[in-house]
Structures are given as C-alpha cells and as structure tokens.
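Per Swiss-Prot, the feature active site, proton donor maps to Glu25. Annotation comment: Swiss-Prot describes Lys88, Val108, Ser142, Ala143, Asp144 as substrate binding site, evidence class sequence analysis. According to Swiss-Prot, the Mn(2+) binding site annotation covers Asp140. Annotation source Swiss-Prot lists active site, nucleophile at Lys161, citing sequence analysis.
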Amino acid sequence: MPPLIALSPETSQALADRQPLVALESTIITHGMPYPQNLEVAQQVEAAVREEGAVPATIAVMGGRIRVGLDAEALEALASTPAEQVMKLSRADLAACLALGRTGATTVAATMICAHLAGIEVFATGGIGGVHRGAETSFDISADLQELAQSPVTVVAAGAKAILDLPKTLEVLETLGVPVIAFGQDQLPAFWSRESGLAAPLRMDDPAQIAASARLRRELGLSGGQLVVNPIPPEAEIPRAEMIPVVEQALSEAEAQGIAAKAVTPFLLQRIFELTQGRSLDANIALVLNNARLAARIAAAMAT
C-alpha cells in the first residue's frame, strides 16, 4: 500500500479478508449540503452499503494523507468543516492538496484514483461530471470522463447531472472507450429523472454480469473502468418533462447574470433546488442511496 494511503482498520481488515468494498466520494459531504444534513446523509449512504453486505470506504484527504475509510470522528470532522476551507479535488490538484497539508474532498475523478491505489474496484456516487452545455466554445469538459478511461474502477451513478449536455457527454465517453451500462433499462437515466430520451449503449440486469465484465476487461488488458448508470427509484424521480423547463430556466438565468466557469454548477444546482422547492435535493439523496446499494451488490459479485 502506498505510504500516502491511510486505511481505516475496517477497510484494512476488509481488504485482507477479501470482503466486498465500496468506495464513496466526499465532495457530496463538503459541498453538497449543509451540516448536519451532510453528516446524516453520509451515514445513511454507508449504512446502505452495509445492508447489502459490503464495507463502505469514504475517501478524503486529511492531515496530509489520503484517508480511505473514515471513522465516526473523521466523518464528523469533515462534515463540520466549512466548504471554503476544503479543496475540491480532481486529478490535477490531488498531489498539491497533499503537499500543502490541506483538507480535500474527492470528486469522481479523484475518488477513482484513490480507490484504485487502495485496491478498491467499485465506487458509488450520485452523478458524474460531463460535457457542459456550450462546450464547443468554452471547452468545459469534466475530468471525470478522462478518468473513467484511465482508472480501472466500476463507477455506479444515476447518469451525468442533467444540467450538462448529455448527448455530447455520451459521445465523449464513446470516443474514450468507456463502457456505459444502463442497469435494468434501455434508456440512459438523467440523474433526477429515470429517462433522458437517449438510448444507453449497453444494458445489464444483473450485478454479476457487471462484475464479470470488469473482470474480463482486466483479462483483455483494457485500461479504464466502467460507468454503470442506475436509474433513480420511480417514487423519488422528478420526471423529465417536469425537469426540462426547470433546467432551461436556471441555465438562462446563469447566462443573463454572466455566471461562468466553476461558478456555474453550484449556481444551477441551487436554482434548481429553489425552483423544485427542495425536491431536487430529496431526489439526489434517494439516488445516491440507490447507487450505494447497487454498488455493494456489484462488489459482492466481484468478491465471489
């Protein structure tokens, strides 16, 4: 194990015993919602993984090391740290955060890197980043997509966030050779909504099939991971027809106010929260829990 990796006793034991493990990101804790709700949701997500027979390993940079698996005290400390004091880490700034001794929350890309270093093959998140609308002029494309082509981790998400350009995101993933596997349906889900209007490139209905695909990719010497897109539970979704005008309104307001670059996503998510009267956050929590359960089932299939 690299010396920069600090495994929790539970994570270390799970790796030694070849128990199923699921990596969890920390950006949702530090930048996703306020304290103490963020702590409660993090605990619920970990509990969902355990209910399906796997061990959760939340990942963050704390005290100059990559912590893989946070105990109750560390989780509380991270959740209660103001967001402005926490670096939001991707591939580009992971090493810098460690060098500076800062606290850092891992995005999808950084979590994949850290999970792979620790020997964890499955990771559950809410949604991945992707190609932003207007990327043909801004070139704003999330590092998550490139990471999926590099780090051999199976990522379970509810699709890319619906504020993004989903057709272009799918095209980039195809170009990068990333398998996009819809779980249990033919359409690509769109985060808050079960349907996006786009056909998924691949479909699988059994976690064992997804685990087998990961193993065969390794045997074939193929680099990168897999993206498993898991639709939000029907009772929690905000239907696509309802979300389209909400997203369009938030996007037009962002453009009118000249909001650009890294400020765009937080602005859009906050406006969507307001326009849906909080339903978008409720849906977000439901889909993360759903993804954690599926990831645990995939991890269990990989461990057999």
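Just so you know, glycine gets a Cβ as well, placed from its N, Cα and C.
Reported as a whole number, the C-alpha separation between the residue listed as 'active site, nucleophile' and Asp140 (Mn(2+) binding site) equals 14 Å. Calculated from their C-alpha atoms, the gap between Asp140 (Mn(2+) binding site) and Val108 (substrate binding site) amounts to 16 Å. Sequence-distant contacts of Ser142 (substrate binding site), defined as residues of its own chain at least six apart whose C-beta falls under 8 angstroms from its C-beta, comprise Val108, Ala109, Ile128, Gly129, Gly130, Val131, His132. Neighbour density for Ala143 (substrate binding site): within 10 A of its CB lie 16 other CB atoms from the protein chains shown. Note: the CA-CA distance between Glu25 (active site, proton donor) and Lys88 (substrate binding site) rounds to 11 Å. Counting only same-chain residues at least 6 apart in sequence, those with a Cβ under 8 Å from the Cβ of Lys88 (substrate binding site) are Thr27, Thr30, His31, Gly104, Ala105, Thr107. If you draw a 10 Å sphere around the CB of Val108 (substrate binding site), it holds 26 other CB atoms from the protein chains shown. Taking a C-beta cut-off of under 8 angstroms and a sequence separation of 6 or more, Asp144 (substrate binding site) has the following same-chain neighbours: Ser90, Thr107, Val108, Ala109, Ile128, Gly129, Gly130. Apart from Lys88, Val108, Ser142, Ala143, Asp144, the residues listed for substrate, the same chain places the Cβ atoms of Ser90, Thr107, Ala109, Ala110, Ile128, Gly129, Glu147 within 8 Å of the centroid of those Cβ atoms.
Within the set of recorded positions (Glu25, Asp140), the lowest number of other Cβ atoms found within 10 Å of a Cβ is recorded at Asp140.
Max Cα-Cα distance over the annotated substrate binders (Lys88, Val108, Ser142, Ala143, Asp144) is 13 Å.
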